[in-house]
Amino acid sequence: MTTIRQQRSSLLKGWPQFCEWVTSTDNRIYVGWFGVLMIPCLLAAAICFVVAFIAAPPVDIDGIREPVAGSFLYGNNIISGAVVPSSNAIGLHFYPIWEAATLDEWLYNGGPYQLVIFHFLIGICGWMGRQWELSYRLGMRPWICVAYSAPVSAAFAVFLVYPFGQGSFSDGMPLGISGTFNFMFVFQAEHNILMHPFHMAGVAGMFGGSLFSAMHGSLVTSSLIRETTETESQNYGYKFGQEEETYNIVAAHGYFGRLIFQYASFNNSRSLHFFLAIFPVVCVWLTSMGICTMAFNLNGFNFNQSVVDANGKVVPTWGDVLNRANLGMEVMHERNAHNFPLDLAAAESTSVALVAPSIG
């Protein structure tokens, strides 16, 4: 009895020390309670991804006994390689290793894909929670994890919500470069994402955010307060932790206000940086919402045959060109699983004028 009590007391003493180490902000890398969840999940996802990318056997992604190879050992390279999504025969079923009769069956049906994405999604949620936790411990505001929620929402949209809406994890995004582009083409063909307002907002956020970032960085760099001689780098004029401003915001404000107009320039550094953070974040949120709506087939606008003349004859537009391109991509997608999409059998084909008429 004495020995057992001593062992339990030593364990109880070790637990508070472990808790203190986990939540300590003095560590070189903060762990946190969310990190306790994040680290093993991301490690499991990364290890399985690397092994599957190198050596996974072909996967019967369409469920028609025609496996698709995605690993290095089966002839792929860094561009064409991917972790192929789980089989359409599995659908939305949870498919851990113990659900398969053999390991070969699990690999053939694309089990590694589910293992990677589930651990990855839990891991990035843990990373987001860890960002909030560290901000809380340091007395900071929580906006860092709010900004990070944008890519988290995008990952959940393509890896979880979209397969749920389409009815199978085989419709999820493959984990590879060519697989990602294939996913984008198929998404355009089936949902016309280019004509969805939320996708347009996402494009505006990405390009606009890049533009604003470049503008802000160049303005700050151009209005630095010189603390060095002409022969030294201006970077040496900054000391980490200094209280003085490192650039002249009045000069930057005046330059940009005269370049465009006065009210296009921020005169408040805090509101400026909040805008730089929130603009791309909100736009990526909207894009994720668009993916989630299209997952349930609430698709982008279709302007096919939308313009007619006084006689009721269709006037071909670029909307018809886009629709024809979508049909072409849809025909090529899963061409062995079905002969052609029903869209092609719905109506007679209409010619699209892409060449100028001959004159004379």
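Every residue, even glycine, has its Cβ placed from backbone N, Cα and C.
Here's what Swiss-Prot has on this protein:
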| type | residues | note |
| --- | --- | --- |
| TRANSMEM | 30-47 | transmembrane segment |
| TRANSMEM | 119-134 | transmembrane segment |
| BINDING | HIS119 | chlorophyll a ChlzD1 binding site |
| BINDING | TRP127 | pheophytin a binding site |
| TRANSMEM | 143-157 | transmembrane segment |
| SITE | TYR162 | site 'Tyrosine radical intermediate' |
| TRANSMEM | 198-219 | transmembrane segment |
| BINDING | HIS199 | chlorophyll a PD1 binding site |
| BINDING | HIS216, HIS273 | Fe cation binding site |
| TRANSMEM | 275-289 | transmembrane segment |
For the residue listed as 'chlorophyll a ChlzD1 binding site', nearby residues of its own chain (Cβ under 8 Å, 6 or more apart in sequence): CYS41, LEU42, ALA44, ALA45, CYS48
Nearest of the recorded positions (TYR162, HIS216, HIS273) to the residue listed as 'chlorophyll a PD1 binding site' - Cα to Cα: TYR162
Those recorded positions listed as TRP127, TYR162, and which of them has the most Cβ atoms within 10 Å of its own Cβ: TYR162
Rounded distance in angstrom between the Cα atoms of HIS273 (Fe cation binding site) and TYR162 (site 'Tyrosine radical intermediate'): 33
Fewest other C-beta atoms within 10 angstroms, as judged across HIS199, HIS216, HIS273, which are the binding-site residues: HIS273
Long-range Cβ neighbours of the transmembrane segment (198-219) (under 8 Å; 6 or more residues past either end): 252, 255-256, 272, 275-276, 279-284, 286-287, 289-290, 293, 300
Intrachain residues whose Cβ lies under 8 Å of the transmembrane segment (30-47), provided they are six or more past its termini: 21-24, 115-117, 119-120, 122-124, 126-130, 132-134, 137
Euclidean distance between Cα atoms of HIS216 (Fe cation binding site) and TRP127 (pheophytin a binding site), Å: 28
Pairwise Cα distance for TYR162 (site 'Tyrosine radical intermediate')/HIS216 (Fe cation binding site) [Å, integer]: 36
